[in-house]
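**Q** Structure below; questions to follow.
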């Protein structure tokens, strides 16, 4: 009887070791859960960014307004007949 109890105790300790301490135990599970959460957050950010870029591409394909806006803001272009005024604020 003592042998069986001892054997069961050793078996219980071995299973507890695998659960808590081994590389495939709860520590690894927590690390994987953190990694998955971080990856999901990163994926959501990238999906949002892709939607913005897709809308911008669609706007550039379909209309001249976005193209004109980019030319004005990025290249400093003005329309014919317009006068450009630059306001400089004093420090």
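Placement of Cβ uses the backbone N, Cα and C atoms for every residue, glycine included.
These came from Swiss-Prot, pasted as-is:
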COILED    26-74  coiled coil
TOPO_DOM  22-91  topological domain 'Periplasmic'
TRANSMEM  4-21  transmembrane segment
**Q** For the coiled coil (26-74), would you mind checking the mean pLDDT of the predicted model?
**A** 88
**Q** Determine how many residues of the topological domain 'Periplasmic' (22-91) DSSP places in helix, in strand and in coil.
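**A** Secondary-structure composition of the topological domain 'Periplasmic' (22-91): 48 helix, 0 strand, 22 coil.
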